[in-house]
């Protein structure tokens, strides 16, 4: 085995002599049998760590019933908490921030509605009702709510695949249905504390997806910039460029005046479009959640306050459910708008309320003026808003850190640009899952050696000065051992042993007598893993090599005793540390 210095004869004598069992021999602590946990205790622990790892019920502890009721209501409606403590001096920052993001959101919303193939007023509707609901139920002080480019494009491309936008009534019905189910998906994920599911869309995949969407959205705006009358409804780059070059007129549409009309009667609750609306809504809802939670956590970290992701999902879900009933389409946290909100000095969610009031006044008083806004200006506003989504610096960093992450990033990017938003999203998720499967099924292993002048054993590839112990092979498994990787781990250890034995023969060194498996990183093991270790033990017995285990965790050790594998190996072959194992076994090794 390459790497790592081999101990000299003097080192061997020093090790052996220091291990003799005399009155000066160091103390070796025995690995204790862990206390047996009941099935209920194990289930309770797993349930808590899976769904309540952040201990959200801690504030309720030792509180009187009336206080618990108040805390429960405040948990659902945080405005009742921070609203009681709101001071007049905070209003200045919130007012300025609200007016600033309103001036940004009004032209953006009109443009984003066009991305979703909706009339302009629907974009404004979505910046009126949802921000009000979020201000009541949300816990972020900085996030600005409204339609966003990526979700608008995603909804527009997926809904138009089912219904031509020319059929406005049916198109709008499916859009509201998708928005309703997007809200239901978000609400249920938060209510049942399943927020960890959105983490399966990796950061690299999101970077690639957003960059691809930025390119696609920018190309879509060529219609407005160049005055093209007939434009493709496809989103891939080839179709868009063909449409531009074969058509190379300003047209402005009337924006309906007044506040959001009710759309409850337009939502499909029965029929074939329910399933379609659920599919589209679930995807859009997940993308919206990913963006909003990431934005919220970013600004919460900058201002040093805690943001409960699951509460945010409940708030976002409630806002979209209500929004779907008031002629809104999917709204979420906008990064560009939130950044402006933060820079303008917002203090609380009151900035969202101010923005909503301005949008309300716009809908009631000045929408006719937007009739004279050129499409080229709207297109320019959208392009300037999405250009920041192309984060090339993040791509370069991803390439430097993890090449597999970069593959996921590029897969999502090219999928969106050359196929469609859905295909890009599918590729991103598929590659993210492939990476997880690869890491689970092919965990890392390392051969360990002793760091000079210490009792510490580390990877000989990382520390070339580490010395191998003659007659002993020390292997560390850097993963839990499950059915998906147990055979690989067994075969990998045997390959390392075979490589070491070949090197020993070639250099005329003592044969391997002990194989020590360092199990500190092995957090869990299942029956397949135990069977694999049993096979490894039998294989080593045929080679006259003793299997030794070092530092198995409580869960792993408990399963070893339950399966009787601990007795098979022998309690005298299970040690607290690698150093204890080497110290104990050195005097027993044959010369």
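Including glycine, each Cβ sits where the backbone N, Cα and C put it.
Looking at 233-255, 348-370, 440-462, the stretch flagged in TrEMBL as transmembrane segment turns out to be 348-370. Counting same-chain residues at least six beyond the ends of the transmembrane segment (348-370), those with a Cβ under 8 angstroms from any Cβ of the stretch are 79, 82, 86, 90-91, 93-95, 97-99, 101-102, 105-106, 109-110, 120-121, 124-125, 127-129, 131-132, 134-135, 138, 140-141, 144-146, 252, 254-259, 341.
In terms of C-beta pairs under 8 Å, the stretch of 132-154, 200-219, 376-399 lying closest in packing to the transmembrane segment (273-295) is 132-154.
Sequence-distant neighbours of the transmembrane segment (95-112) (same chain, 6+ residues past either end, Cβ-Cβ under 8 Å): 120, 123-124, 126-127, 144, 146-149, 152, 221, 255, 334, 336-337, 340-341, 344-346, 350-355, 357-359, 362, 370, 373, 377-379, 381-382, 385. Looking only at the domain 'STAS' (462-585), the predicted model's pLDDT averages out at 94.
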